[in-house]
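Peer 1: First the structure, then my questions, so here it is.
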Amino acid sequence: FVSCQVEILDWETKKQLCFLDKVEPNATIREIRLMFHKLYPRWYPARQSIKLDPKGKSLRDEEILQYLPVGTTATLYFKDLGPQIGWTTVFLIEYTGPLFIYFLFYFRMTLVYGLDESFTSSPHPVVNLACICHSFHYIKRLIETVFVHRFSRGTMPLRKIVKNCLYYWGFAAWLAYYINHPLYTPPSYGKKQINFAVIMFLLCEAGNFSIHVALSDLRRNGSKTRKIPYPTKNPFTWLFFFVSCPNYTYEVGTWISFTIMTQCVPVGLFTLLCFIQMTIWAKDKHCTYLREFKDYPSHRMPIIPFLL
């Protein structure tokens with residue numbers, strides 16, 4: 001094999017940062033990142049974005065140099081992604097916050113509502129049920145983060161965690177404030193509405209968990225290669241027949257059921273924002289599947305069967 005030469009330039013200034021001589025043609029981008037890291041220790045591999053074009057997409061770790069549209073001398077562009085944090089740590093921080101923030105309002109802390117001891121508990125059973133469901137949802141997310149999820153990308157920019165925490169923690173406080181407020185009124189249709197919502201909530205949580213397990217099983221051997229997810233023997237995964245991202249479908253269903261259960265406007269607004277954001281994510285993932293797999297099922301929709 002003829003060895004290659006790799007020139008790495010700054011993506012903005014086009015200044016040469018390094019010149020790697022005698023690089024094997026079958027070297028992966030991951031290996032090139034490691035070579036670059038030896039020369040610039042502060043830019044560890046997760047912090048590097050290596051591109052063929054300054055404004056193009058980052059190359060994946062597993063891509064091989066000789067299969068890229070370059071000659072024996074390859075020009076690549078480096079972008080500093082900034083300090084990174086592992087996805088497991090990100091999710092643990094994001095999901096632990098709402099769990100404990102909700103309790104501050106549920107236990108009617110005097111610093112929140114300024115009440116005396118005679119008003120420290122709610123007369124409405126649905127308030128207790130809402131706390132159980134909210135806590136269950138985030139405990140489930142924490143368990144999935146530690147034992148189920150397998151991440152194709154190991155890190156995210158540290159700066160983004162502040163925005164994410166403001167979103168999750170802020171909404172948890174907003175929802176909890178109104179649901180646990182002394183003036184809170186229970187749902188209009190009483191136990192029938194609450195019981196329906198609880199059943200829907202549990203089914204959606206079970207479905208969401210089933211999808212996460214199914215997606216995790218696609219990467220059981222540690223592979224980061226993307227595969228087409230298909231339904232399994234588990235009936236909750238049969239939603240894969242109709243949508244590309246049933247985990248988002250079930251997640252939205254969970255928050256719709258929580259809205260019905262509490263009949264609380266802030267919960268409804270949070271559910272709407274969740275639906276908008278998850279629809280964006282689902283469409284992106286759906287387009288990626290269509291782009292990467294020629295045999296991808298054409299009848300699937302991103303998030304809502306037959307519609308969206």
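Glycine is no exception: its Cβ is also placed from the backbone N, Cα and C atoms.
TrEMBL annotations: computationally assigned, not manually curated.
The annotation domain 'TECR-like N-terminal' is assigned in TrEMBL to 5-80. Per TrEMBL, domain '3-oxo-5-alpha-steroid 4-dehydrogenase C-terminal' is recorded for 155-308. Sequence annotations record features per position, and here TrEMBL assigns transmembrane segment to 85-107, 166-184, 196-215, 235-250, 256-276.
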Peer 1: What stretch, picked from 196-215, 235-250, 256-276, has the most CB pairs under 8 A with the transmembrane segment (166-184)?
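Peer 2: The stretch with the most contacts is 256-276.
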Peer 1: Mind looking up the mean pLDDT for the domain 'TECR-like N-terminal' (5-80) in the predicted model?
Peer 2: 91
Peer 1: Residues of the same chain, at least six outside the transmembrane segment (85-107), with any C-beta under 8 angstroms of its C-beta?
Peer 2: 120, 127, 131, 134-135, 138-139, 141-142, 145-146, 149, 151, 153-158, 161, 164-165, 168-169, 171-173, 175-177, 179-180
Peer 1: For the domain 'TECR-like N-terminal' (5-80), what are the DSSP-based totals of helix, strand and coil residues?
Peer 2: 17 helix, 29 strand, 30 coil
